[in-house]
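Peer 1: I have a structure I would like to understand better, so I am pasting it below and will then ask my questions one at a time.
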Amino acid sequence: MSVRIYELSKELNMENKEVMQLLRERGHEVKSASSTVDNISAQALIEEFSGAAQAETPEQETAEAAPAPDAVKSGPATPKLPPSAIVKTPDQIAQEKREKEAEEEAARQRREDERAAVRQAQRDAMLSSTQKPAAATPAEPERKSPPPPPPPGARRAPIPAPVMGPGRPATPSVNVSVRPAQPAVPPRTPGVAPAPSVQPRAAGGAPAPVVPPASAVPPRTSGAAPAPAVPPRHTPGVAPAPSAPAASTPPGATPPPVKMPASVRPSPSPIIPPSIPRPAQPGQQPQPGQQASAAGKVIEKEGETIIQIKPPIVVRDFAILLGKKPFQLISELMEMGIFASMNQAIEEANAKQIAERHGFTLDIRHRGDDKPEPKKKAKAPREDDPALMEERPPVVCVLGHVDHGKTSLLDQIRNAHVVSGEAGGITQHVGAYQVERKGKKITFLDTPGHAAFSKIRERGANVTDIAILVVAADDGFMPQTDEALKFARNANVEIIVAINKMDAKGANIDRVKQQMQERDLMPEDWGGTTLCTPVSALEGTNINELLELVLLQAEVSELKANPKAVAEGVIVESQVEQGRGPTATVIVQKGTLKVGDALVCGPHYCKVRAMMDEHGKPVKSAPPSTPVRIMGWSGTPVSGAVCTVAKNEKAAKAEAEENAQALKARAAAKPAVTTGATDLDSLLAAIDDQSSKVLRVVIKGDVNGSVEALADCLRAIESEKVKLEIVETGVGVITKNDITLADSSEACVIGFNVKQENGVTALAKHHGVRIIQHNIIYELITSVEEAMSELLDPEYREVKLGMVEVRATFPLAKGLVAGCMVTEGIIKRDAHARLIRKEVVIHEGRIGTLKRFKEDVNEVRAGYECGIQVSGTHDYKEGDRIECYEIHEFRPNLR
Ligand SMILES: Nc1nc2c(ncn2[C@@H]2O[C@H](COP(=O)(O)OP(=O)(O)OP(=O)(O)O)[C@@H](O)[C@H]2O)c(=O)[nH]1
């Protein structure tokens, strides 16, 4: 219920202005005479002033109490209304209604503002209560404010307590004001006056000034005294004494819950429930692990004191965390040129700087930073878990100098006849085979011995566990034996030396052992650690002993792999097979490869269509150390590359495409060769380079490794006169496409150990493309060198044929003929001739006429006489000499 001011004025018999002034002094927000005031306040005013008014005008009361004479006259007496009753006209009611609606709207707005202010105040109070437990009561909303002191001279009625919501605790004393559940302060019950708000008492015991309405009070900030001009006595760490209430407690009112002298009052800590972590006191270094502020905390981690805080970093919160007083932080900020109030946020960089200055590490936790990490899936058992490892066959590589008997040895071991099938009697690519000895498998790699295949040999060494170094007993260590030893050592594989050809004439096993010793390969029987045995691949002597040594070494090395791991293998060789497409020989290194698996190897992928062993027999699965030939590749992967099993064919294809893109990008990123000449020398070199001849080639080979080896050999041809440029390399038969490519790039086709597709010869003839083919690598290299030198311009050299001496001259119809004696060599008709007189060449021409007696002849040898006529002259004299020679064309040397 509320009362209009003009009604109240009437009631009080006062001017509207006076009443409005009175109400404003009491903290009411009144705008006009039609503003309302709550019933209780109105009642208080009435009680306060009506007595005075009565005392001043007693007759007025009588007049009011007695019915008006007019009323008596005009009709029945109007019912006597209580003095506070107000009679309104319909217009007044309508006007009032409109005003009420406007008022309500304004009030609603005000309430929202107030609520926001209260929330802020509560937050502040919470912080300040944790920081300054005995701080003064927070600002109360307007309606809770005690009335202002009455004007001097005015009679005061007892001031009623502010209206409180049901169940709302009375304004608590000291620091518990914001904790509604504080049991020490009972809620106000109707009819019982609550304890008036306790105001901080100024030093000296003067009554605390009245707190102005909340709207007039700026939001309270932690550490700052509330609105009163005199701040409460307060020293950090010492709880300030609660001040006495401003007015004496009314009878029946609940006494303030905490009211003790400062000397005996306990420190604020007991008031703080144990569940609320004790904050750091301002100016006191916060202890790690202690929650210093609702906005953050200080923790100790790995010797570092870390402040964890959520943005925005408000000065007050930050000061608490730093163990500083807010004003100290504010002044520090000012020194940095930053002006911020306690409630303002500062930038993260500045906060970091300050934190570091005070020996803290600032950990700013942005939204989402605290999110718990997604739970990791249960760990799958590690592939390299020793418990999952199983024994696997050793992969053995046979290395050695050319013709020292590597293939013969393998041949003996597996009782096959590979040697006879090899072109030129040399191994030209890697074969992989598996043999069994005493129920245990051994995987063998047969590597080529020719120098051109050093790369393949190196690769062979890299994928093996044990290297058998074959040294011919009659030849000893040779350059490629040393090279093979280097590969084996680099690949960190165990070395077993097989001294082959022990049957051969001139075999000297001790000499080989001596050489082994020199190479730090001390044989076991000489007190060293290198396993070594003499063998004869030809006669099959000691082959079993050699296999025993391999198994012994494998046992010592404890070769194991997880057959259940994701399969992975190394490409030993790849090729394009007719009717099969690209195939690759792979040695499985871990896991078990199965038909249907999807593989990825660099830019190529494969859905394993079929797998075959070394005998061409199909196999369904290949456990570790098994060599298999795999069908289903998208291309020919590079030898030595690792292939892995992908989730499915789609994934393998996508990965391969990604790899291809990456390869392209890498190739594109390679710096372009600049031809810009910087000085005269380089300019000349550039001109020379441009004028130098180039042989472009398209290389086709039976297998990837051979093609690679051939390409390496061709690149190694050194010539300053002719350069070799490889346009394309490929595996498989020479196709029409190769011819077309060669034609468009003015290249020739080099085929190694491959056949031609039908129609290739005709197409090549048609386009004038040259095809150079051989099954033996070194012969092919020689042919390519010849083709290169053919590009060079021919050189011409004079070849002297003979010499004649002019003995006489004979006149003929066509002029003089020189009668000569051939003194050396041979004189040929049409040959070049030089007429020399007294060591001076007087004429050069050709032998036009050559006669023996009267007959024309083609040639006359030394010791015979002849008649010669040199074209273009008849000037012959006795004693002249005629030199006869030919001009021959020569192919210049490549180097
Ligand atoms: N006397 C004798 N001759 C052997 C023995 N082993 C191999 N040979 C001969 O040595 C020659 C070369 O044998 P290969 O097995 O082709 O030698 P390789 O080391 O495999 O040669 P590349 O394949 O070119 O690397 C052949 O003529 C063999 O007959 C042996 O134990 N005793």
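Note that Cβ sites are derived from N, Cα and C of the backbone, with glycine treated the same way.
Residues or ranges marked as region 'Disordered' by TrEMBL: 48-297, 361-387. The annotation compositional bias 'Basic and acidic residues' is assigned in TrEMBL to 94-117. TrEMBL lists 146-163, 267-280 with the feature compositional bias 'Pro residues'. If you look up TrEMBL, you'll see 236-251, 281-296 marked as compositional bias 'Low complexity'. If you look up TrEMBL, you'll see 391-560 marked as domain 'Tr-type G'. What TrEMBL lists as region 'G-domain' is 394-542. Taken from TrEMBL, the feature GTP binding site applies to 400-407, 446-450, 500-503.
Distances, neighbours, how buried they are, the whole picture for these features please.
Peer 2: A sphere of 10 angstroms centred on the C-beta of Asp403 (GTP binding site) encloses 17 other C-beta atoms.
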Peer 1: Taking only the binding-site residues Asp403, Lys406, Met502, which have a CB closer than 6 angstroms to any atom that belongs to ligand 1?
Peer 2: Asp403, Lys406
Peer 1: By the DSSP assignment reduced to helix, strand and coil, which category contains Lys406 (GTP binding site)?
Peer 2: helix
Peer 1: According to DSSP, does Met502 (GTP binding site) sit in a helix, a strand, or coil?
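Peer 2: Going by the DSSP assignment, Met502 (GTP binding site) belongs to neither helix nor strand, so it counts as coil.
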Peer 1: Let me know how many other Cβ atoms fall within 10 Å of the Cβ of Met502 (GTP binding site).
Peer 2: 22
Peer 1: Could you put numbers on the helix, strand and coil content of the compositional bias 'Basic and acidic residues' (94-117), residue by residue per DSSP?
Peer 2: 24 helix, 0 strand, 0 coil
Peer 1: Determine the Cβ neighbour count for Lys406 (GTP binding site): the number of other Cβ atoms within 10 Å of its Cβ.
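Peer 2: Lys406 (GTP binding site) is surrounded by 27 other Cβ atoms within 10 Å.
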Peer 1: Quick one: average pLDDT across the region 'G-domain' (394-542), no decimals.
Peer 2: 80
Peer 1: Taking the Cβ of Gly400 (GTP binding site) as centre, how many other Cβ atoms lie within 10 Å?
Peer 2: 29
